[in-house]
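Positions annotated as active site by TrEMBL: Asp267, Glu285, Glu286. Annotation source TrEMBL lists substrate binding site at Asn270, Gln284, Tyr325. The feature domain 'PARG helical' is assigned by TrEMBL to 91-218. As annotated by TrEMBL, domain 'PARG catalytic Macro' applies to 236-458.
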Amino acid sequence: MEPLASGLAARGDLRSALPFLPIVLRGGALFWPPAAQESLRALALGPDVSRVASGDVLADALADLRLALSLPALSPRATDGLALFFDDLLSRAQAQGWFAEVIPNLARLLLRLPALLEDHYAKTGDGASGLRILASQDAGIVLLSQELVAALLTCALFCLFPTDGRAEASLPTINFDSLFVALVHNARQSQEQKVRCLVHYFERVTDSTPTGFVSFERKVLPRRAVSDGVTYPDMDAWMKSSAPLCQFRVFSSGFIEDEEEEALEVDFANRFLGGGALSRGCVQEEIRFMINPELIAGMLFMASMEDNEAIEIVGTERFSQYMGYGSSFRFVDDYLDSKPIDSMGRRRTRIVAIDALDCPTRLHYESSGLLREVNKAFCGFFDQSKLQLYAKLFQDSNNKDISPSVSSNGYVGVSTGNWGCGAFGGNPEIKSMIQWIAASQALRPFVNYYTFEDASLERLGEVIRWILRHGWTVGELWHMLVEYSSQRLGGETKKGFFAWLLPNGSPNNEVRYMSE
């Protein structure tokens, strides 16, 4: 044990994370402060000892835990929300099960947190990164066991993570107190349903401990030249790209999270990972974080994304079935995830978080806006092992010969939809083309695009077929998108991109383009 103990104190990854964890490092070992450990031991013995048999008393117990960790008191509305949910919104039978079994089991899991973390750092070794703060421009991967993720999420449920310094480090909120605050005086049932999804997750993981792993990766497109690979591409680089456009399939119904093929499933993200998942939000990103709650663990250590960054998370398990969207969102039932497991013990569920421009208006059509969005998507879709090839494609406009074995990228495609086109106000026609361009440049074999019955995308399939029939490359489609946007800015056209592009919408387009 001594080599581990002495090594822990010297680890930079642990030192970066430790200020944001509720445990302490002393004498080369991790442990709970004595008063907090005593409170957790009482909770672990069940309501006969802890007296925690209601939401009100649970709120008091969490207040004692936070006091033991020198954390400020929870707001009265957070404690009211806890009491409301566990005493009024849960059925009596489910609440009794929570207080008799789930909470004691969660307390036992938290008592094991120091050992789980020590084991985690021992297995990553000095040459690999363990749990650490992944700051902006800090490309890297953190691999966590699902059991450790469950312990970290229990800390969030009990609101035990320190909050000092998180805003300065550009880290999102991680404790669940805001989620419970949102229950109070809130007419939207969706908030209650979000909590029900999380409650179901904790019931599942305390009933049967998951044994897999989840990886969290910050992906960065360097802004400065690197010795190998590709840097943040400029307008000219995209114009020169010789990459062929990949297969593009349009689905008017269905959901990204139900994707049957192996694909990068796009999270229409906020630049702060998770967006409003732990507050009042309930759209695409927040819903995904409720049905795959292990995603929330990334909010502990992933700083906000800049324009040249994306976050890829592989291996999260889905626990809940749901229906509805926004205010109509509802937890429906248990979900048994049947995704296969890869060689690292991760489920083959790949979720990539990319944040779109917020309310771009004219920026839709300006070169800076187009460039920002295509590079954001490309950053999310690229494969680190292909970076040298990407650089070649950006530089050699005559090289269109890419073998299927190279472009297959392990046959992992992209599953996406109307990224940034809801509350963020994006243009669905332009965003669908930008994602196709980015996925093709990343040598993904296909894009499966879910339109969610958006009327503005009725002609998407027709546009795709027309473009593929003419054999355009990434650079050629980018050229047309830039030309169209220039005409929109200059008032030369008021048409949407699809109507402008297709011959029956603008008879001279085909002749003009093919003669250039």
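The backbone N, Cα and C atoms fix where each Cβ goes, and this holds for glycine too.
Overlay of TrEMBL feature records on the structure.
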| residue | record | contacts (Cβ under 8 Å, 6+ apart) |
| --- | --- | --- |
| Asp267 | active site | Gln284, Glu285, Arg288, Leu295, Ile351, Val352, Ala353, Ile354 |
| Asn270 | substrate binding site | Gly276, Glu285, Asp355 |
| Glu286 | active site | Lys194, Gly274, Gly275, Gly276, Ala277 |
| Tyr325 | substrate binding site | Cys282, Val283, Ile287 |
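The average pLDDT computed over the domain 'PARG helical' (91-218) stands at 94.
Using DSSP to sort the residues of the domain 'PARG helical' (91-218) gives these counts of helix, strand and coil: 68 helix, 13 strand, 47 coil. Across the residues annotated as binding substrate (Asn270, Gln284, Tyr325), the widest Cα-Cα separation comes to 17 Å.
Over all protein chains present, the Cβ of Gln284 (substrate binding site) has 24 other Cβ atoms lying within 10 Å.
Of all the Cβ atoms in the protein chains shown, 23 others lie within 10 Å of the Cβ of Glu285 (active site).
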